[in-house]
Amino acid sequence: MELSQKENKKMEASFDGGAPDGGFWAWAICLASFSCNLILDGVVYSFGVLLLPIMTYYDSSRSSVSWVGSLLPGIYMCTGPIAAGLVNAFGCRPVCMMGGLISSLALLLSIFSPNVPALMFIYGTCGGFGIGLTYLPSVVACGHYFDKKRALATSIAVCGSSFGCFVFAPLASHLLSVFGSWKAVNVIFSGLLLNCCVFGAFMRPLKTRSHSKKDDGNLLPSILEEEEESSFRPRLLTDRRSTIATDRNASMYLNKPKELIRNVSASKLETMKTEEKSLKIIRPLSKKDIFYSGSVMRLNSRGRAVSVISLPPVEENGFKVIVKEMINFSHFKNPLFALICASNAFGFLSMYIPYIYLPNMMTSLGKGEISQGQASFVVSAIGVSNTGGRILLGFMTDFHWVNSLILSNISLLLSGFCILVFPLCSSYRDFLITSLSLGFSLSGFLSLISIVLADIFGIESLTSTFGSLVLFRGIATILGPPLAGAVYDIFGQYNPAFMMAGSFFILAALLGQIAYHWNRYRR
């Protein structure tokens with residue numbers, strides 16, 4: 001049987017792209033990702049300590065200066081699709097190193113900002129863009145090097161965010177007391193961000209383990225040798241659909257190498273050999289489950305197959321393919337996805353309000369009962385309990401009977417109640433207990449979203465749904481803290497702002513629960 005003309009245009013490659021799932025280098029990358037997350041989110045979450053000094057320096061309102069603190073995390077979320085495209089085109093290592101350099105320079109140059117709008121652009125926008133370029137490779141690298149142990153590796157890596165919150169808020173407070181200037185804090189944080197270039201250097205690309213023999217100008221002996229090794233090996237046809245393909249007539253050639261050789265011309269063999277050599281490394285985002293934070297063993301067999309061996313077309317631009325996939329608004333035609341996006345948007349309108357305003361809320365209670373150092377430690381307590389919550393949920397989500405969307409909704413509801421309690425707190429102990437409860441409650445909402453999307457829309461749609469959702473999260477993050485600042489400027493106290501934030505979390509939980517029942521009805 002002769003190969004068809006259509007098949008001649010496809011590349012047929014023997015491929016083994018499994019993740020190492022361990023080994024020194026894989027765990028070194030996991031540690032590098034942890035360190036990147038620690039520094040990046042540590043800088044983001046500690047802005048609340050700098051809010052009052054920056055307001056005093058520029059003689060500006062809370063609502064104006066809070067734009068600086070909200071742009072930093074908001075822009076780094078919105079940078080996700082661009083960062084993903086760059087990672088797919090150039091790999092994790094150069095993108096992470098470039099992001100570390102940009103964010104470091106942004107914080108360093110921010111000390112020369114003549115006014116708040118300039119600070120918004122340099123610190124918030126440029127710094128957020130650099131952090132986004134560093135953050136995404138640190139997440140992708142773990143997913144690239146781990147499959148079965150991915151839940152453990154990802155949990156370790158993302159716990160860096162919680163440790164960063166724990167370490168950087170007290171560190172910023174201490175540096176303020178020592179140097180007396182927010183500019184000195186930014187210079188030191190700039191140096192710490194530069195270390196992300198070093199951690200990014202660990203993120204080397206994962207190469208394919210090709211089964212092809214060394215090119216000696218004759219491919220025919222290779223076919224005979226491959227037949228002796230295995231009677232049949234699955235092949236990948238990297239056409240524009242990026243699907244798994246096997247020749248339905250392949251059984252004709254099992255144990256018949258001579259017949260196969262007879263029906264394939266020398267020119268066709270040469271074309272196959274040349275094209276196979278062009279596939280040298282796996283593009284980081286070729287895996288459909290690259291953003292999946294759980295263990296791939298939770299997926300059904302079809303999902304695991306897609307996650308492991310789905311490849312993009314070799315001839316297409318890696319940047320354009322991923323950006324186009326992640327910025328895919330066709331999902332909003334699905335009311336279920338729109339509900340989940342609305343739920344996440346309300347959640348992230350409130351997410352950074354406690355981090356930015358809680359320290360000043362505590363120190364403004366009167367009588368000077370709570371110091372700046374104690375207030376910063378309360379913020380760090382959120383990170384401590386958040387780490388414990390992430391670890392617990394990492395174990396729970398390995399069970400198939402656990403519904404990830406229900407856990408996420410419970411997380412949102414409890415977080416809303418915790419924030420509503422803050423206005424009732426009157427002592428350091430009250431704030432500390434409430435902050436510990438908030439950190440634990442937030443862990444589900446922050447860590448389960450990729451599992452929620454995969455469970456509802458399928459692993460094959462995870463990249464596109466996750467990309468669209470992150471954009472909405474970023475926009476909501478940008479708007480939330482300035483909105484709370486405007487509420488403070490109107491009422492002259494923090495209680496209404498925190499009541500608004502708690503209400504948004506509860507509304508997010510209700511929308512998520514509607515999505516849960518809608519999904520059950522749909523099925």
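Every residue gets a Cβ built from N, Cα and C, even glycine.
Sequence annotations record features per position, and here TrEMBL assigns domain 'Major facilitator superfamily (MFS) profile' to 335-523.
The transmembrane segment annotation in TrEMBL covers 24-47 (among others).
According to TrEMBL, the feature transmembrane segment maps to 67-87 (among others).
Marked as transmembrane segment by TrEMBL: 94-112 (among others).
Among the features that TrEMBL reports, transmembrane segment is placed at 118-140 (among others).
The feature transmembrane segment is assigned by TrEMBL to 152-172 (among others).
Annotated transmembrane segment per TrEMBL: 184-203 (among others), in sequence order. Tertiary neighbourhood of the transmembrane segment (184-203): same-chain residues 25, 28-29, 32-33, 35-36, 39-40, 42-43, 50, 91-97, 99-101, 103-105, 107-108, 110-111, 123, 130-131, 134, 137-138, 141, 168, 172, 175-176, 178, selected by CB-CB distance under 8 Å and a gap of 6+ residues from either end.
Proximity of distant same-chain residues to the transmembrane segment (336-355), defined by a Cβ-Cβ separation under 8 Å and at least 6 residues beyond the stretch ends, is recorded for 45, 47-48, 69-70, 73, 165, 379, 382, 412, 415-416, 419, 422, 435, 438, 442, 445, 449, 452-453, 456-457, 465, 468-469, 472-477, 479-481, 483-484, 497-498, 500-502, 504-505, 507-509, 511-512, 514-515, 518-519, 522. Annotation source TrEMBL lists transmembrane segment at 336-355 (among others).
What TrEMBL records for 375-393 (among others) is transmembrane segment. Sequence-distant contacts of the transmembrane segment (375-393) (same chain, six or more residues past either end, CB-CB distance under 8 Å): 45-46, 48-49, 155, 158-159, 161-170, 172-173, 354-355, 358-360, 362-363, 407, 428, 431-432, 435-444, 446-448.
The annotation transmembrane segment is assigned in TrEMBL to 405-424 (among others). Outside the transmembrane segment (405-424), and at least 6 residues removed from its termini, the chain residues within Cβ reach (under 8 Å) are 343, 347, 350, 353-354, 358, 361, 393, 396-397, 430-431, 434, 437-438, 441-445, 448-449, 452, 455-456, 494-495, 498-499, 501-506, 508-509, 512-513, 515-516, 519.
The annotation transmembrane segment is assigned in TrEMBL to 436-458 (among others). Outside the transmembrane segment (436-458), and at least 6 residues removed from its termini, the chain residues within Cβ reach (under 8 Å) are 155, 158, 162, 289, 291-294, 298-299, 303, 331, 336-337, 340, 344, 347, 351, 354, 381-390, 392-394, 397, 403-405, 407-408, 410-412, 414-415, 418-419, 421, 465-466, 469, 519.
Look at TrEMBL and you will find 470-491 (among others) tagged as transmembrane segment.
Residues or ranges marked as transmembrane segment by TrEMBL: 497-518 (among others).
Taking the domain 'Major facilitator superfamily (MFS) profile' (335-523) as a whole, pLDDT averages 89 in the prediction.
Residues 32-33, 36-37, 40, 43-44, 54, 58, 67-80, 82-84, 86-87, 92-93, 95-96, 98-107, 109-110, 154, 157-158, 186, 193, 196, 199-200, 203, 284-285, 290-291 of the same chain, all 6+ positions outside the transmembrane segment (118-140), place their C-beta atoms under 8 angstroms from a C-beta of that stretch. Ranked by the number of CB pairs under 8 Å to the transmembrane segment (67-87), the listed stretches 24-47, 94-112, 152-172 are led by 24-47.
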